[in-house]
Structures are given as C-alpha cells and as structure tokens.
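What follows is one structure encoded as structure tokens, with my remarks underneath.
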Amino acid sequence: MPQGGLPYTVTAVAMGLVMFFGIEMQNRTVLPIHDREVDWIIGTIALVLAVSARAQLAPRLVEWFDLLRLDMLSLIIFAFGVSALVFGSRATLRFGSAWATLLLFNSPVFLIVSLLCGGGWTGTACAASVGLAVAAAAAGNRVRHRAAAAGVTLVVGVMLTLLTGAVVGQDRLREALSGAAGITSVLPALAGVLTALAVDAAVRHTLPTIRHRDPSVRHTRAALVPLTAAVAVLLLVPLPERPTTSATADAPGTQPTGTPAPAGWSVTGSERFAWTADYFGAGADFRRQVLRADAVVDDWDTDNRHRTVVVDTLTSDGPVNASRFGDEGFYSSVNGRRSPKLDVGLGHGVTGRVYTVLDDEAYLTYTRLRVSWRDDGGRIHDISVIAVDDHRDSAVFPAVTGSLTGLAGRIVTVLLRGGAVTEDPDADYKDLDVVTAVATGIVDARWEEGQ
C-alpha cells in the first residue's frame, strides 16, 4: 500500500458500498430486457482496459504511482467489467451514477480536497467526509433526500473530525496516518453515513431493506473464461516498484526549516515559497538557499571561479511528500530529459540519489542530488542540491513553480509517447563531485547539530 494511500482506498470502498446499496434499495422498476452480445462487448472491453491500466500504464507512469493510484482505477474498471458479464450491462448501468462517482472522485481529487482542508489527519478525514457525502447524494432517489443525506454525512463527519483533532492533538494524529492506523481518518465519515441512515430511518419509520430479485442473467458460465484470464494476468503482473527518493535515515534531534550551511560554503540568498501548504498541508515549508563556495576548487572549474549551487528543502509532516509529485513536478525543468539515477553515500548511513536533467529549452544541464530523512519530531526533510553546467554568476537554475501544469503535460507525454523520449541515457554527470561535496557537508552539519 503506498504511503498515505490507505485512507483513499478505504474511502473509495466505503463510497462504493454506500452507493450500490443505496441505489439497490430504491424501488425502481427494471424491465427484463437483456442483450448478451452487448454484455459481452462492454464487459470484455472493460476487462481489457483494466488489465492494460495495471500491466502497461502503471509501469509507464510509475513515477507518479502514489499520486494517480492506477491500481484503484484498474480495480474499478475491472469490477465494472465483471458486473457487465455476470449481471448484464442493463443492470450494471442502473448504477451508472455510482460508477461515474468512483471514477471522478479519484486519488488526485481526494488529495486536493485533503490539502484544501489543511492536510494531515484532519484534512484527510475531511476529504473522506466529502467523498462519502457525495456518495450519499448519488445514492438518493429524490433531490430532497440527496441533499439531506449528503448534508448530514458531511456535517457529522467534519464535526467529529474537528472534535477529534481538538481532543487528541495534531501531533498524535499525524502519527496515525502512517501504516494501518490511517484507517482512523475515515471513521468520522463512516459515523456520518451511519447517522444519515439513522435519521432517514427515523423520519420514514422504517428500516432500509434490499428486495429479493431474480437473477438478471441466467447463464453466466461462459463469462468465467474471460474473467479467469483477466484475474490470472492481474495476479501474475505485480505492481511496479515505486522509485524512492533516497535511503531515508532518521536524523538525531529536531531541525528547523532549511538546512545548515556546510563547511566551506556560505549562504548568499534565500527564498521561501508561500504556496507550499496548498500541496503539502499546514505547517509545511519549502525554501531555496543559494550557496557559494568560499574557495576555488580547480577540479570544479577550469577558470578559477567560485561555484554556486542551490539547495531546496521541503519540510513537511507527511504523508504527502515531494516524491508523490515526481522528481521534477515543481520545477521549470519538468519536461527535460533525465539520466539514470546513481546512489551516492553521504556518511552517517545516508544515501543520496543523483541524476542529471538536460533542459533543451534553456540549453543547460542540471545535476541534482536528492536526499531525505525524518527527524525526532517526525517531520520529513526532503533536500535537493542542484548545480548547473553554466559556472558564471549569472547562471540560471531551474525555477520553482507552484503550478502543476508542466507536470500534467509530462504525464500526458509519457502516456502517449512512452518514457524513452524523456530519458538521457548518455548523460555526463559532470557536477557529480560538486553536489556530492555539498550534500555530504549538509549531512555532517545536520548530524553535528543533532548530537
């Protein structure tokens, strides 16, 4: 399960149950009209799409796997195909609003809603409440019932979320987001749904019941053939291994925002990005520091110039960290061609990951080293050391942007043209020594401060 992915998974399952049971309990007349040829066409196409999303799209878009959650998309499409083959397309499309809601309220939307609500456990719980409120509205049969069910679910879920945050405390709730404890963020929303059901039963003076129905399709044995084949492929093709930023280590002590200047380097500039909380939740900090070498190193520049690098540091509470948006999601160089990654030891058990970016628009090559660790306070520090092959004082580094337009364009490019067009297999890691020296100095300074 991807980090921070359990709340969305549980929310999606709960939304599906609410909508399918709610629509099933509606007293609608269903005409006994079935066309097995249409069932086979729709069901088979859905199974092919589900297998393709899992076996082809997921490996191609593995860099953004935790953001897109193509495994859940594949599961939803697979369930739609199974339903069309087993129960018939007419019965399946009777739940059309439920299928559409599950596809539209996807992982990126869930993440955006949680961040708009403040991020962390509280934001995630509010996003779950919004999702189940939408599901309650989709499950209703009248406008008044839809509005009432959605309103009760949302109000109760949000109130319980805020009450839990005030009583338990954000620090303890932050720890609950990791691992299986992440399911706790969905409990307020589930309580809201149960409250809405109780209110509905009290108003109508009756309990909701599911009517007995005759099988919509009587002969389904032939459908087991494509279902078995699809299940076999999904079981044999494992989920792609997500790339890691670095070998994360636990740093001693707590660390303020930014990074300490390594020995032999001076901070000549700093910039803080105000939009950070919109993507990483309340309390997150993203800033850039400009470092200049105090001495000239002959191996770094043949013209005896002082080298300059930038250090970008993202400090967040998790689980929404920089890796969810890919390596270059917030940089102007997002569409550049990247080299294979190299692991570099930085001491104290910390390993960094280095790659280069060839920016065809700026005619520059950037060398970037990424490393991350978690301090004693539970905060994640994701650090990027970036050098550019232009050694002049006027050198241009990749700009940091709060827009994900470039990231969306890159995802579409990889989706349509494949990953080969974004790779630079013959790259020269010309500034590897520079970024390694700076990162090693930062790690040394950080561990000395924490002792």
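Here the Cβ of each residue, glycine as well, is placed from N, Cα and C on the backbone.
Features reported for this protein in TrEMBL:
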type: REGION; residues: 244-264; note: region 'Disordered'
type: TRANSMEM; residues: 6-25; note: transmembrane segment
type: TRANSMEM; residues: 37-55; note: transmembrane segment
type: TRANSMEM; residues: 67-88; note: transmembrane segment
type: TRANSMEM; residues: 95-115; note: transmembrane segment
type: TRANSMEM; residues: 121-140; note: transmembrane segment
type: TRANSMEM; residues: 147-168; note: transmembrane segment
type: TRANSMEM; residues: 180-201; note: transmembrane segment
type: TRANSMEM; residues: 222-239; note: transmembrane segment
* Asked: Where else in the chain does the transmembrane segment (6-25) make close Cβ contacts, counting only residues six or more beyond its ends and a cut-off under 8 Å?
  -> 69, 72, 76, 94-95, 97-98, 101-102, 105, 107, 110-111, 124, 127-128, 131-132, 134-136, 138-140, 177, 179-180, 182-183, 185-186, 189-190, 193, 208-211
* **Sequence-remote partners of the transmembrane segment (147-168) [C-beta within less than 8 Å, at least six residues beyond its ends]** => 121-122, 125-126, 128-130, 132-134, 136-137, 139-140, 187-189, 191-193, 195-196, 199-200
* Asked: Any residues 6+ beyond the ends of the transmembrane segment (121-140) with a Cβ under 8 Å from its own?
  -> 4, 7, 10-12, 14-16, 18-19, 21-23, 97-98, 101, 105, 110-111, 113-115, 146-147, 149-154, 157-158, 161-162, 164-165, 170, 173-174, 176-177, 182, 184-190, 192-193, 196, 281-282
* Structure fact -> Lying 6 or more residues past either end of the transmembrane segment (37-55) yet within Cβ distance under 8 Å of it, the residues of that chain are 70-71, 73-75, 77-78, 80-85, 88-89, 92, 217, 223, 226-227, 230, 233-234, 237, 239
